[in-house]
Amino acid sequence: METQTSWLSLWRWGLMIFGMLMICSARENLWVTVYYGVPVWRDAKTTLFCASDAKAYSTEKHNVWATHACVPTDPNPQEMSLPNVTENFNMWKNDMVDQMQEDIISVWDESLKPCVKITPLCVTLNCSDVNSNNSTDSNSSASNNSPEIMKNCSFNVTTEIRNKRKQEYALFYRQDVVPINSDNKSYILINCNTSVIKQACPKVSFQPIPIHYCAPAGFAILKCNNKTFNGTGPCKNVSTVQCTHGIKPVVSTQLLLNGSVAEGDIIIRSENISDNAKNIIVQLNDTVEIVCTRPNNNTRKGIHMGPGQVLYATGEIIGDIRKAYCNISRKDWNNTLRRVAKKLREHFNKTIDFTSPSGGDIEITTHSFNCGGEFFYCNTSTLFNSSWDENNIKDTNSTNDNTTITIPCKIKQIVRMWQRTGQAIYAPPIAGNITCKSNITGLLLTRDGGNRNGSENGTETFRPTGGNMKDNWRSELYKYKVVELEPLGVAPTKAKRRVVEREKRAVGIGAVFLGFLGTAGSTMGAASITLTVQVRQLLSGIVQQQSNLLKAIXAQQHLLKLTVWGIKQLQARVLAVERYLKDQQLLGIWGCSGKLICTTNVPWNASWSNKSYEDIWENMTWIQWEREINNYTGIIYSLIEEAQNQQETNEKDLLALDKWTNLWNWFNISNWLWYIKIFIMIIGGLIGLRIIFAVLAIVNRVRQGYSPLSFQTLIPNPTEADRPGGIEEGGGEQGRTRSIRLVNGFLALAWDDLRSLCLFSYHRLRDFVLIAARTVGTLGLRGWEILKYLVNLVWYWGQELKNSAISLLNTTAIAVAEGTDRIIEIAQRAFRAILHIPRRIRQGLERALL
């Protein structure tokens, strides 16, 4: 009975252990799976290329904004919305802005390279006031007959023959010359002492053409579509585009011209609006038209300054000498300022004052821009001269004045280059009348700081500013950012790659540090370990070679006649090839070429991510998942690479044994010929050895003084000296007295040797099999005894553990019961004592009364 109970207990324990093992084994293992083409990206800096509709504009050789090196624009640009995506943007740290700045500077420099330097014109100019040839009436409020507008200057220049000089004359604007003495008759060009002056080419046009910046293959441009986006921070309405919208690179100050407008309300953008040192970019939600005119009809003349050098200057003016000017609708402008002030009050909650710049270069203190090839500098003090408090900011009637604001402008022909100091250009005069219409789409403002800005009186003063052209580009690129696509992703799945299983061999870590040619002197086996390293370094060499090629092209672009856009096209194409090669290289190393989903035999490590399988695939995006495992991506890649290397090694070893997998191939005629050849070689070897041994035996016997008569000589078998050769009646050991017969003939000799060899091999093989069988039997018996011992040991300790547990439980129960009884008894005594308190009081009172 006790034995039966023990077996039942053992059966229960066995079922319990088996169930636990089943539960543990029920948990499926996860394996690393490679995905190609996942929607993952990261912030990046890359070379953008341009797209433009070049056919709609002049393609003349010296057009500054010539875009014939750009790709044509896509007639149907695609924009893909990214739902459930939140991306951070920062317009103040955007590489696209820096890149556009460099591109526009390069375009300006490249367009002015072949043009004439007018440094020889830095001579004394004898100037007098200019009067017009005839007079016409003018109703413009900007009319001015002041002789201070232009000067008629004469000067000596070198002719085509270097040793001869002649006197020429030209008309210069007053702002372009400075007097060198007090008689106001001798002048010099304004920038001769500080700058290298270069004349813009006669055919150069400064009319900006819309440029679309595009990302190369492997990169994308993210676009923020929030209507109230201020340029920094997270954006929840994100889409992806291949190219930006058409951006006109308008070089202007104070007022942003011909840009894009806000779709909703006016937007105020600043890197830190509480810091008065930071400029404020105002994007309007409605345009204000500005019409600028140079009314006088100029003519242009050419002055030969030497061989191949011609200076183009103003010859004469037909009509009144009138100043240039710009007209703006007062109603539209005041309404715009009112809405801008209202928006600024949301940030400062004070009276908003607009006033003119406090000082600086003429490019900053005026609204400078290019109109029809002439550089205008307009005084905007009339525009920025208003104050908006809480009362008049709500009064829309105050902005209903339908008159026109006319702001006076000056024209300069010697213009300081905006991209760098110490350089200037001479803009040749444009013949005829000039009129251009533009749309004001934004403002560049700065806020006064210190105690003089009236902030202590509840007033904030804002002034127009400019000069940093990056702010102009930011006003258009604020909603874009460049990202690099990361198409390779890894994630855990339940699928495992079926591989050739084989024990892994440890590879020395020093192998990965070998150079591309470091294994040239090693064996083929040792060099095969570093094949992956060699592929990587080969790709790096290709990339480096292409990079050097681009540097050489960039350095010699003036010889190759390449524009900055042509260089960018080359860079974009090379970059796309590099990206593709890099991804395909990794897929090839991992054994995943041509696959979008590639399973591996690398187990997923829970330390990389402790999230469950369902949580990963059902609740996370690829972007979130990549951020989760970003720190372990390199480790995972290396494990996949090692697993693939081991797999290829196993496949090579398997292919080496593949011919043994089909026994029928053993009977192939080619194999039979091989078998016959081997048999003949073995027989020939045995015969040769037999002949050698026979010759050696003969030589040995000859040295002993005798020689056998023939191979048929019977040699008596030696017997012991103390035993007779025979026994009576024919008995005894007759077999031991017989002679050994030598074989007769060549075939008999070969057969005897082969038979002896086979018998020897058979006996040895039989002995080995018997020994192996005896050993296996002994080991099996010992193993069975050890297994039974372990089972009995486990059963014994199980019983002991069970008895100990029962004893511990009984002891605990008894202790708890005794403790409980005592607690109950104490509680009862306390309760009775409380109940007896009134009785004791009554008894005490009775005794006191008695």
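Every residue, even glycine, has its Cβ placed from backbone N, Cα and C.
Taken verbatim from Swiss-Prot:
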- Asn133: N-linked glycosylation site (CARBOHYD)
- Asn134: N-linked glycosylation site (CARBOHYD)
- Asn152: N-linked glycosylation site (CARBOHYD)
- Asn184: N-linked glycosylation site (CARBOHYD)
- Asn230: N-linked glycosylation site (CARBOHYD)
- Asn297: N-linked glycosylation site (CARBOHYD)
- Asn349: N-linked glycosylation site (CARBOHYD)
- Asn433: N-linked glycosylation site (CARBOHYD)
- Asn439: N-linked glycosylation site (CARBOHYD)
- Asn457: N-linked glycosylation site (CARBOHYD)
- Asn605: N-linked glycosylation site (CARBOHYD)
- Asn610: N-linked glycosylation site (CARBOHYD)
- 153-192: region 'V2' (REGION)
- 378-409: region 'V4' (REGION)
- 453-465: region 'V5' (REGION)
- 454-465: region 'V5' (REGION)
- 506-526: region 'Fusion peptide' (REGION)
- 568-586: region 'Immunosuppression' (REGION)
- 656-677: region 'MPER' (REGION)
- 706-709: motif 'YXXL motif' (MOTIF)
- 1-28: signal peptide (SIGNAL)
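Taking the Cα of Asn349 (N-linked glycosylation site) as the reference point, the closest of the glycosylation sites Asn184, Asn230, Asn433, Asn605, Asn610 is Asn230.
Put simply, Asn230 (N-linked glycosylation site) is 38 Å from Asn610 (N-linked glycosylation site) when counted between their Cα atoms.
Just so you know, of the glycosylation sites Asn152, Asn230, Asn349, Asn433, Asn439, the Cβ with the fewest other Cβ atoms around it within 10 Å is the one at Asn349. In space, Asn433 is the closest of the glycosylation sites Asn230, Asn433, Asn439, Asn605 to Asn152 (N-linked glycosylation site), judged by Cα positions.
With respect to their backbone Cα atoms, Asn230 (N-linked glycosylation site) and Asn439 (N-linked glycosylation site) stand 22 Å from each other. Of the listed glycosylation sites Asn184, Asn605, Asn610, the Cβ environment within 10 Å is emptiest of other Cβ atoms at Asn610. The two recorded residues, Asn184 (N-linked glycosylation site) and Asn433 (N-linked glycosylation site), have Cα atoms 30 Å apart.
The two recorded residues, Asn605 (N-linked glycosylation site) and Asn439 (N-linked glycosylation site), show a Cα separation of 61 Å. Using DSSP to sort the residues of the region 'V2' (153-192) gives these counts of helix, strand and coil: 3 helix, 22 strand, 15 coil. Between the CA atoms of Asn439 (N-linked glycosylation site) and Asn433 (N-linked glycosylation site) there is a gap of 20 Å. DSSP assigns Asn605 (N-linked glycosylation site) to coil in the three-state reduction, placing it in neither a helix nor a strand.
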